[in-house]
Amino acid sequence: MPRHLPGLLLLLWPLLLLPPPPAAPSPMARPGLRRLGTRGPGGSPGRRGPAPAAPASVPYSGTGQPGGARGAGVCKSRPLDLVFIIDSSRSVRPLQFTKVKTFVSKIIDTLDIGPMDTRVAVVNYASTVKIEFHLQTHSDKQSLKRAVARITPLSTGTMSGLAIQTAMDEAFTVEAGARGPSSNIPKVAIIVTDGRPQDQVNEVAARARASGIELYAVGVDRADMESLKMMASEPLDEHVFYVETYGVIEKLSSRFQETFCALDPCALGTHQCQHVCISDGEGRHHCECSQGYSLNADKKTCSAIDKCALNTHGCEHICVNDRTGSYHCECYEGYTLNEDRKTCSAQDQCALGTHGCQHICVNDRAGSHHCECYEGYTLNEDKKTCSVLNQCALGSHGCQHICVYDGNASYHCDCDTGYTLNEDKKTCSAIEEARRLISTEDACACEATLAFQDKVNSYLQRLNSKHILFGRISTSA
């Protein structure tokens, strides 16, 4: 550069540093060419609103999770029978065709590939049509991507209608690996072209859509916009895409992932289930409850199951509800819970020594017990303790004349004056009987006289002692 710039260049230099004017709007900004979306029911992946915004602190990469990594269990692609229909006519240069294959591979990367998940086929077309591989050919991502990398361009011409017809007749058949109507697996075709179809594409595309195939049309560079609209499914703003060059086509792969991605509310934590969230696949879920609880009518919250009220508890005696939604069994008084925690056995409290009876414990058949007292005692009101029974006062002694209470629940009988106690210790006889003894003895005999005197003295002593004792008892009474 010269050491001194000319004066005119010095004047223009600030203008040269200004940023260039904004470019003209691309066809993507025109009506009918909005971002990628999804269809509603009828075999299509299912319609939804715009994708949720990523957290402000992490840039959104368009792949379902910050940083570009798909969240396992958060964004899972729904199963599809997916056929790529790619234009390889002469207008598509080799480097551009490589970009198309990169675009296809990037979409494959965002899908869950497998016999039970998404199956992929590729139809290559120009003036002729070639099925590069069928839906059942490859069952994993790596083999699919290697097969895509081996695809080579065909020739001149752009027979888009013929390519769609071939895909419908040969690629989307059960023999080629497509799943039947009963499987409810959507059939999706993505056609990529940079030119105008050289055959009647309108009627063929209509038949394909009528057969249940969902068509996405991606136009590049000189692609005819009206032809793209004729091929694509409704609504067009969700099925027609345009990019100005093949150099940016791979950016559309993230939009297709967004379309085919089923967000998992259970993993995202947006399910609102009170207890357990169960993923059903394809973005669907249902709520369940922990053991001992039942799902309420709102299908979200749970209530404890009252098994005691339902009488499904199996308790032999008593069912007790717990706060945790469960229950436990208990037994009536006098019974103990068996090892099965359900049934009860009568408890021998007399043998266990837990009866509390002062004297005698008696087991009853009902698993209970009662207390009794020794002879001469009576049971108190507490039904446990005993008090000494005064049989003399109760009149149950059986003495003919006098009952003498000895204490400690014992007594003895005595006789009135002039009577003597018989051998049964209960009844009494008059002392005059002793006089009759004289008649049986010889009054003149000395031995008889002495015997009579001894007996009389004995009776007199006994009567005297009884009189003294009776006097004491009467006084104390």
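Cβ atoms are placed via backbone N, Cα and C, with glycine included.
Curation does not apply to TrEMBL; its annotations are automatic.
Not measured: the values here are computed from a predicted model.
The signal peptide annotation in TrEMBL covers 1-25.
Taken from TrEMBL, the feature region 'Disordered' covers 26-72.
According to TrEMBL, the compositional bias 'Low complexity' annotation covers 47-57.
The domain 'VWFA' annotation in TrEMBL covers 81-256.
Counted with DSSP, the domain 'EGF-like' (262-303) comes out as 4 helix, 18 strand, 20 coil. Annotated domain 'EGF-like' per TrEMBL: 262-303 (among others), in sequence order.
TrEMBL lists 304-345 (among others) with the feature domain 'EGF-like'.
Secondary structure of the domain 'EGF-like' (388-429), assigned with DSSP and counted as helix (H, G, I), strand (E, B) and coil, comes to 4 helix, 17 strand, 21 coil. Among the features that TrEMBL reports, domain 'EGF-like' is placed at 388-429 (among others).
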Structural state census, the domain 'EGF-like' (304-345) (DSSP three-state): 4 helix, 14 strand, 24 coil
